[in-house]
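Q: So TrEMBL has the following annotated:
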DOMAIN    A:41-82  domain 'Translocon Sec61/SecY plug'
TRANSMEM  A:33-50  transmembrane segment
TRANSMEM  A:89-109  transmembrane segment
TRANSMEM  A:129-148  transmembrane segment
TRANSMEM  A:154-174  transmembrane segment
TRANSMEM  A:181-201  transmembrane segment
TRANSMEM  A:250-270  transmembrane segment
TRANSMEM  A:291-321  transmembrane segment
TRANSMEM  A:374-392  transmembrane segment
TRANSMEM  A:429-451  transmembrane segment
Amino acid sequence: MAGFRLINLAKPFLPILPEVEVPYEKIPFDDKMVYTVFASLIYLFAQFPLAGLRKATGEDAAAHAPTVADPLYFFRGVFAMEPKTCLEFGLLPIFAAGLFLQLLAGLKVIKVNFKLAADRQLFQSLTKILAIAQYFVLANIFIASGYYGADLSLPQIVVLNIQLVGGGVFACLLTEVIDKGFGLGSGAMIINTFAVATNLVSDTLGVNQITVDSEGNTEPQGALINLIQGLRAQHKTLVGGIVSAFDRDYLPNLTTCVLVLALGCLVCYIQNIRFELPIRSTRARGTNQMYPVQLVYTGSLSVLFSYVVLFYIHIAAFALIQLVAKNDPASIVCKVLGHYETVNNIIAAPTFPLSMLTPPRSLVGGALSQPLSFVVYSFFILASGVWFAYNWQQVSGMSARDLARDFKEQSITLLGRREQSLPRELNKVIPVAATTGAMVLAAVTIVGELLGLKGKGAGIVVGVAGGFSLLELITMEFQESGGESSLANMLAGGLSL
Amino acid sequence: MAGEKTENNQMEKAMDAPLEFVREGNQFLSKCKKPDLKEYMKIIRAVGIGFVAVGIIGYAIKLIHIPIRYVIV
Amino acid sequence: MSTAVPPGGQRTLQKRRQAKSNKDKQLNQTPTSARQAGAGGSSNSILKIYTDEANGLRVDPLVVLFLAVGFIFSVVALHVLTKVTGKIF
C-alpha cells in the first residue's frame with residue numbers, strides 16, 4: 001500500500017470518462033460570451049420535469065402517490081436545484097466535489113503533486129468522478145425513500161436513474177466547457193449565478209399561472225404580478241388579494257422578494273469594502289498606488305461550503321430517517337434525530353433535534369417553536385464559513401506568501417516597509433480579511449435565512465457575491481482581449497463602470 | 001485549587017477566542033475603505049441591470065417549458 | 001541578468017534577495033493547489049475545477065452542448081411516450 005494515492009482511483013474510469021477538449025487557440029471574447037450564455041441556458045432548460053413519475057391524478061394515484069415531501073427545500077435556491085426535475089440535485093455535487101477535494105489536497109490529506117501535469121489531470125478526473133458518483137448516490141437515496149412515489153417498478157427506477165444521473169453528467173460537462181476556457185470564469189459559479197438571477201426574476205415578475213386550489217383558481221408565480229392581478233381577482237376580495245400578495249406561503253410573496261432584494265443590496269455593499277495597502281514600485285520612484293484587498297476575500301465560496309456541509313448532514317439524516325426508520329416517530333433513529341413532518345404538502349420539515357440545523361420557515365413561527373435553531377444554525381454557518389475561509393485562503397494559491405511572491409515578481413512592495421517583511425505584513429491582512437469577510441457574509445446569510453427566506457436568502461448571497469467575483473474576472477479577460485468585442489460594447493454601459 | 005484555577009483559565013480562554021476574533025474583525029472592518037454613496041448607487045444599478053437582464057433571459061427559457069408541459073401532461 | 005545592476009551596496013541586497021527567493025522556492029516544493037503550481041484553476045474567490053486536458057473520452061464543446069439539448073429532448077420524448085401508451089412501463 002506504500003504507493004497508494006487517492007487520485008489513482010480515477011485511473012480505471014478514464015477510458016469512459018467524457019473529457020472536453022481544451023481550445024486549440026484563444027477563443028475570442030464574443031465567442032466566450034456565447035458559449036457561457038448557451039451553456040447556462042441549456043442548464044436552465046434541463047430543469048425539466050422527470051418523466052416516468054406517476055401522475056397526480058388517476059385511479060391508482062392515491063395508492064402510489066409520493067409519501068415523502070421535499071426535505072431539501074431550503075437548499076433549492078442555493079445550488080440551482082429544482083424539485084422533481086432532471087436537476088433535482090442541481091450543482092451541489094459539483095461544488096461539493098470541487099471544494100472538498102481541493103481543500104483536502106491543499107491541507108495535504110490527499111497527496112497530489114500539482115506540479116506534475118499527470119497528477120493534476122488525475123485529480124481533475126477524480127473530482128469529476130466524485131461529482132457523478134454523488135449524483136448517482138443521491139438519486140438512489142431519493143428513489144429508495146419514496147420521494148418519487150411509493151413502490152416504483154424496476155423500469156421506472158432505471159429510467160429515473162438515467163434521467164437524474166444523466167442530468168448530473170451534463171451539468172458537469174456544461175461547467176467543464178465553461179471552465180476549460182470556452183466560457184468565462186468558473187462554470188459552476190456562472191451557471192449558479194444565472195439560476196439565482198432567473199429565480200429572482202421569476203419570483204418577482206413571473207407571469208406563468210399556477211393552480212393554487214382545488215377549484216382551479218390560478219395565481220401567477222411572480223409576486224409583483226400577483227399583486228397587480230390580485231387587485232382584480234375573482235376568487236378574492238381586493239384587500240384579501242393585497243394581503244395575500246404579501247403573505248402567501250405557497251408561492252413567492254412580495255415580502256420575501258423585498259427582503260431578498262435588500263439582502264442583495266447589502267451584499268453589494270459588503271463586496272465593495274476593501275482594505276487598501278499602499279504599495280510602491282521598487283524600480284521607479286514616486287509611483288505610489290493602492291493595492292485593494294477585498295474584505296470578502298474568499299467570495300461566495302465560504303457560504304457555499306457551509307451549505308454543502310449542511311446539505312450532507314441533512315442528506316445523511318434523511319437517509320437514516322427515511323430508509324432505516326421509515327420516518328416512524330417511534331423508531332429509535334427518529335428519537336435520536338427527529339423525523340419529518342409534511343408542511344403544505346410540498347416540504348418535509350424536520351423536527352427536533354434535526355430542526356436545530358434547519359433555518360426556520362418564518363421568523364415568528366420559528367422563534368416560538370424552534371428557538372434553539374436560531375443559535376445552532378447560526379453558529380454552524382458562522383463557524384464553518386470562517387473555518388473554510390481561513391483554510392481556503394491558505395491553500396488556494398492566493399495566500400499572503402503567494403501574493404508576496406507575485407509582488408516581488410512585479411517589483412512592487414509595501415510603502416514604508418522593508419521588502420523582506422513583505423510576507424509577514426501581508427499575512428497580517430489577508431487571513432484577517434478572509435475570516436472577517438466570511439463572518440460578515442455568513443451573518444448576512446443567517447439574517448436572511450432566519451427571516452424565513454427558505455434558502456432564497458443564502459441563494460442571493462451566493463449569487464451576488466459569486467457574480468462579483470466573476471465580473472472581476474470577466475472585465476479582466478475583456479481588457480486582455482483588447483476590448484475588441486461588439487457584444488461587450490453593447491453591454492459596456494451596464495457593466496464596466 | 002490550582003487545578004480549578006487553570007480550568008477556569010482554560011474556560012476563559014475558550015470563551016475569549018471568539019470574542020477576540022470578533023474584536024479583531026471589527027478593528028479590521030473599521031480600517032477598511034467603504035464605498036461612498038455615489039459609488040454604491042452606481043454599483044447597485046449595474047448589478048441590478050445585470051441581474052435582471054440575465055434573469056429575464058433565463059426566465060424566457062423557463063417559459064418554453066410551459067407549452068411543452070401543457071402538451072405532454 | 002535582465003534587470004540593471006544597482007550601484008554599490010545594492011549587490012549584497014540583491015544576493016540576499018536571490019537567496020531568499022531560493023528559500024521560498026524550496027518552501028513551495030509541493031504546491032497546495034493548481035494555481036500555486038502556476039497552472040491556473042481555483043483562486044481565492046473562484047472555484048475552477050477543470051483546467052487541464054485529462055485522459056478520457058475526448059469531446060468537442062459544441063458536441064457537449066448539442067448532446068445536452070438532445071438529452072433534454074429525449075426526456076421530453078419519454079414524457080410523450082408515457083402519455084401515448086397511457087401507462088408507466
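Glycine residues also receive a Cβ, built from the backbone N, Cα and C atoms like all the rest.
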Q: Under 8 Å, at least 3 Cβ pairs, sequence separation 6 or more: does that hold for the transmembrane segment (A:89-109) versus the transmembrane segment (A:429-451)?
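A: Judged by the Cβ rule, the two regions do not touch, with the required three close pairs absent.
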Q: For the transmembrane segment (A:33-50), name the stretch out of A:129-148, A:154-174, A:250-270, A:429-451 with the most CB-CB pairs under 8 Å.
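A: Most Cβ pairs under 8 Å with the transmembrane segment (A:33-50) come from A:154-174.
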Q: Would you kindly list the residues that approach the transmembrane segment (A:291-321) from elsewhere in its chain, counting only those six or more residues past its ends and only Cβ-Cβ distances under 8 Å?
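A: Tertiary neighbours of the transmembrane segment (A:291-321) are 71-72, 75, 78-79, 92, 95-96, 99-100, 138, 141, 145, 189, 270-271, 273-279, 327, 333-334, 337-340, 350, 354, 357-358, 380-381, 384-386, 388-389, 392-393, 396, 412, 429-430, 433-434, 436-438, 440-442, 445, 458, 461-463, 465-466, 468-469.
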Q: Which residues of the chain, 6 or more past the ends of the transmembrane segment (A:154-174), have a CB below 8 A from one of its CBs?
A: 18, 20, 39-40, 42-43, 46, 50-53, 85-91, 93-94, 128, 131-132, 134-136, 138-140, 142-143, 148, 187, 191
Q: Considering every residue in the domain 'Translocon Sec61/SecY plug' (A:41-82), what is the mean pLDDT value?
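A: Here the predicted model's pLDDT, averaged over the domain 'Translocon Sec61/SecY plug' (A:41-82), is 78.
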Q: Counting only CB pairs under 8 A, let me know which of A:129-148, A:374-392, A:429-451 has the most with the transmembrane segment (A:250-270).
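A: Highest pair count goes to A:429-451.
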